[in-house]
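Student: According to Swiss-Prot, the coiled coil annotation covers 48-129, on the basis of sequence analysis. The annotation disulfide bond is assigned in Swiss-Prot to C156-C338. Among the features that Swiss-Prot reports, domain 'Olfactomedin-like' is placed at 155-411, with the record citing sequence analysis. The N-linked glycosylation site annotation in Swiss-Prot covers N198, N258. Marked as signal peptide by Swiss-Prot on the basis of sequence analysis: 1-18.
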Amino acid sequence: MAGIVACILLVFVTVITAQQQAVFLEYIQGRMGVLEERLSQWHDQSSRYSGELRDFKNQVLKMLENIEKERESLRNEMENTNVRVDRLEREVDYIETQNPAPPCVEIDEKLTELHDAKKKKKEKYEKITGCPAADIPGKEETDEILIPPVIRKPYCSDTISQVTAMKILKRFGSSAGLWTKDLAGNSDRIYVFDGAGNDTVYVYPRMKEFTLSSSTRKAAKIKLPFPWIGTGHIVYDGNLYYIRQDNEFQVIKFNLANKTIIDSAVLPIEQQVPVYGLSKFNYIDIVADEEGLWVIYATKENEKNICLAKLDPSSLSIEQMWDTPCPIENAESAFVVCGSLYVVYNTKLPSRSRIQCVFDVSGTISSENVPIVYFPKRYGSHSSMKYNPKEKQIYAWDDGYQMLYKLNMKHRDELY
């Protein structure tokens with residue numbers, strides 16, 4: 001009996017297992033069909049995406065090819081423009097050499113007054129006597145009014161019209177620095193201040209030695225009694241005027257012949273701030289022009305704009321002070337020409353420097369009637385720009401390169 005029951009159970013289990021297997025196989029087949037359908041869809045989508053990607057790639061390659069052609073065309077146009085500008089600069093230089101500026105001849109004011117007095121005396125005599133002044137005994141007509149012209153030293157009335165040439169002399173020292181001549185003397189010596197803080201000045205006998213020398217071995221070294229700060233120093237009439245590195249920004253007058261301090265002064269300027277937005281190491285910039293020494297500075301009281309002061313080179317006293325409309329922001333350097341402050345601006349990512357603000361102490365010119373003057377493109381940003389009034393050139397330090405800029409001047413009357 002037990003054996004019969006066992007056989008019945010075995011048959012029943014076998015039947016159930018067969019049914020489950022059939023159901024399972026049917027389920028598996030259904031899932032496989034779904035997967036095959038999805039794989040087919042993915043394959044179609046992949047083919048479509050691959051085609052779109054291929055088309056996009058071809059479009060990008062075509063655009064890059066066109067961009068490269070345009071770039072090459074622009075480069076050729078730029079080269080042609082540079083050639084034309086160079087040719088134009090040479091022609092302008094040639095015209096300037098062929099047509100030198102005429103000498104300035106003026107009649108002395110005292111002689112003019114004497115001329116007027118004699119003329120009035122003559123008219124009065126003729127009115128009283130009724131006869132011409134030439135009939136006066138012992139008096140000749142040629143004694144009257146024939147006053148020869150007297151050549152006088154012309155007053156400074158020039159303004160910058162353009163930068164006509166740029167000369168790169170060499171690369172020396174740090175990215176910031178200063179190089180200059182004696183701006184009031186007749187010496188050919190070149191004075192080099194390497195860095196924005198140091199105590200040693202390098203002196204080369206002439207421009208040739210400075211240009212050809214690859215080191216400071218041929219230079220004489222002057223060790224100053226106090227270190228300097230910034231690049232706002234100047235050599236003027238045998239003396240070095242430099243800013244001492246301390247909290248008061250003391251101006252030191254140092255005689256280069258006997259290597260001694262002649263005088264020193266703390267300028268009457270309170271709460272100083274960097275005068276140039278792109279040259280944070282400069283708090284005071286001493287410059288020179290045809291009229292003497294000037295100080296360019298900035299204070300917290302007028303922290304947005306640059307200030308200007310006239311400096312007495314003998315006593316280091318301030319003669320007069322001005323607040324200018326020239327902003328500090330994006331200014332990299334400045335200089336004075338004929339009593340006018342020219343501020344040079346740039347961008348934080350260095351581009352072409354430009355004179356974009358002019359302040360004249362006499363009020364005869366302003367930024368509105370002076371065109372923007374651009375400097376040729378160069379390496380970085382100017383850490384110093386020193387105007388030489390005798391040469392009409394700017395000695396510039398550009399990211400470690402020593403450069404000369406030649407200026408073209410014109411009379412202020414030509415602006416109006």
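Each residue, glycine too, has its Cβ placed from N, Cα and C.
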Student: So if I measure Cβ to Cβ from C156 (disulfide bond) and keep only same-chain residues at least 6 apart in sequence, which ones fall under 8 Å?
Tutor: D289, E290, E291, C338, G339
Student: Once the chains shown are all counted, how many other Cβ atoms turn up within 10 Å of the Cβ of N198 (N-linked glycosylation site)?
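Tutor: The answer is 18 other Cβ atoms.
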Student: How far is it from N198 (N-linked glycosylation site) to N258 (N-linked glycosylation site), counting Cα to Cα, in Å?
Tutor: 20
Student: N258 (N-linked glycosylation site) has how many other Cβ neighbours within 10 Å of its own Cβ?
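Tutor: Taking every protein chain into account, the count is 8.
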